[in-house]
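Okay, structure first, notes after.
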Amino acid sequence: MAPDPEQPTLSSLGKVGKSSGEIGGVEEPLLNGGIHTSENYSLVSAIFPFLFPALGGLLYGYDIGSTSCATISIKSATLSGISWYNLNSVDIGLITSGSLYGALIGSVLAFNIADFLGRRRELILAAFLYLVGALVTALAPAFAVMVIGRFVFGIGIGLAMHAAPMYIAETAPSHIRGQLISLKEFFIVLGMVGGYGIGSLLVDTVAGWRYMYVASTPLAVIMGIGMWWLPASPRWLLLRAIQGKGSMQELRETAICCLCRLRGEAIGDTAPAKVDEILAELAVVGEEKEVTLAEVFRGKCLKALTIGAGLVLFQQITGQPSVLYYAASILQSAGFSAASDATRVSILLGLFKLIMTGTAVLVVDRLGRRPLLLGGVSGMVISLFLLGSYYIFLDNAPVVAVAALLLYVGCYQLSFGPIGWLMISEIFPLRLRGRGLGIAVLVNFGANALVTFTFSPLKALLGAGILFYAFGVIAVVSLLFIFFIVPETKGLTLEEIEAKCL
């Protein structure tokens, strides 16, 4: 059996030297007064440590898109291919939100097992649950079995959305870290568009919903094999070393080997010095102490939790699910023929979201996190008040609604969409990162569930116009939160973020 790459050996690496794909870094002062070793890396070697974790996001997005089409297929007497097609609204709700319930459980599990398993093994487990969940759902002989499959798939979502940003943040070169983590949001949107597209092709096929779900299994297998092949996060290994959870010398040597694999030949002979820098900075910021549950809610840990959980909370409660719910009716009122086909509308909006997310990916490490958040959320505020005005005062001006819809979607994908996930992956101190990100992901999925479940009764009680005004007010509060609370992390190493921003 091939050795587990969690423990590579120095002899297996051979000599490392310069590469034609080398990119050099700039020497900067260390937190302890020394000088940073130049952060050299090969672009080719940086691709896979991003790509395989990002497949977890792609599968999450695919589940959203394909399920919206699968629920149409499974209710059809002629096309469902099953005898239990006569499902009521509660049953459909369980199919749709079953993965959300699973993701909530996955987030709770991640809080308890993340630092024990490590980022790499957590992603391998997520890939396995993706595979099992998709197969159980696709082959389900009865409704109850299908719901179990959706739940298992959802646990995989919770683990993947917790571990993927951590692994990418801890292994990426610092000056492209923002682009890579933001690109994970691009993969989520790409998965949604792919789910809508494949679903639209299969929705008129007998038992098409089974094919929609089984179509995700090859990606789950690729993700699992890829994560098995990738090395562990060097920072996670060093955290275990300074907390006395293994031999310092052995874990340091393993971290050096892992860093060489992650950076490629371009790192040359600087890997030991880089590992020693990380160890020194971890000691300066006090990472040798193991975090307790009570400490999560004190001091710099509490500040990081406030920033991270606050961002993902506002990401969900500023109305994104509600705005997208109205997308088809808004476009239909403006006379777009595609609006009569919900799937086509979803694909069109998904492509627009891809473009705007791609724009954020390109500029996040040049402009920084705060400018994108402040500018994007400001645009969301304007769009939400325009949507509220449309439903109360301007119902004869559908062009206003269409403009507001596109403004909202575009600004969300420039700000909360990618930057929320980016900030929670880099703001937490290393020893808190597993638990802190677990709480943040739990808040994200919990807030998503809250908005989803309260939207219909609030709409009936207040009306669409007042509801959008309320979301606009919440967006203003989120703007103040960003301005006064959220720091700029552009260009800083993870250890510098902890020392300077918390």
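The backbone N, Cα and C atoms fix where each Cβ goes, glycine too.
Residues annotated as region 'Disordered' in TrEMBL: 1-21.
The compositional bias 'Low complexity' annotation in TrEMBL covers 10-21.
TrEMBL lists 41-62 (among others) with the feature transmembrane segment. Below 8 angstroms of C-beta separation, residues 19, 21-23, 123, 126-127, 130, 156-157, 160-161, 163-164, 167-168, 171-173, 176, 180, 183-185, 187-195, 198, 215-216, 219-220, 222-223, 226-227, 229-230, 261-267 of the same chain, each at least six residues beyond the ends of the transmembrane segment (41-62), sit close to that stretch.
What TrEMBL lists as domain 'Major facilitator superfamily (MFS) profile' is 49-490.
Within the chain carrying the transmembrane segment (92-111), a Cβ under 8 angstroms from the stretch's Cβ atoms is held by residues 63, 67-68, 70-71, 74-75, 122, 126, 129, 133, 146-147, 150-159, 161-163, 434-435, 437-439, 441-442, 445-446, 448-449, 452, all 6 or more beyond its ends. Per TrEMBL, the feature transmembrane segment maps to 92-111 (among others).
For 123-145 (among others), the entry in TrEMBL reads transmembrane segment.
What TrEMBL lists as transmembrane segment is 151-169 (among others).
Annotation comment: TrEMBL describes 181-199 (among others) as transmembrane segment. Within the chain, the transmembrane segment (181-199) has long-range Cβ neighbours (under 8 A, six or more residues past its boundaries) at 50, 53-55, 57-70, 164-165, 168-169, 172, 208, 212, 215, 343, 346-347, 350-351, 353-354, 357-358, 360-361, 364, 413, 417-419, 421-422, 425-426.
Summarising the annotation, TrEMBL assigns transmembrane segment to 211-230 (among others). Same-chain neighbours of the transmembrane segment (211-230): 4-5, 48-49, 51-53, 55-56, 58-59, 62-63, 66, 69-70, 73, 120, 123-124, 126-128, 130-131, 134-135, 137-139, 149, 156, 195, 198-199, 202, 205, 261, counting only residues six or more beyond its ends whose CB sits under 8 Å from a CB of the stretch.
The transmembrane segment feature in TrEMBL is assigned to 345-364 (among others).
The annotation transmembrane segment is assigned in TrEMBL to 371-393 (among others).
Annotated transmembrane segment per TrEMBL: 399-424 (among others), in sequence order.
The feature transmembrane segment is assigned by TrEMBL to 436-455 (among others).
The transmembrane segment feature in TrEMBL is assigned to 461-486 (among others).
Contact counts against the transmembrane segment (371-393), taken as Cβ pairs under 8 Å, peak for 399-424 among the stretches 151-169, 345-364, 399-424, 461-486. Sequence-distant contacts of the transmembrane segment (436-455) (same chain, six or more residues past either end, CB-CB distance under 8 Å): 97, 100-101, 103-104, 107-108, 110-112, 114, 158, 161-162, 165-166, 296, 301, 304-305, 308-309, 311-313, 315-317, 319, 321-322, 325, 420, 424-425, 428-429, 467. The average pLDDT computed for the domain 'Major facilitator superfamily (MFS) profile' (49-490) is 88.
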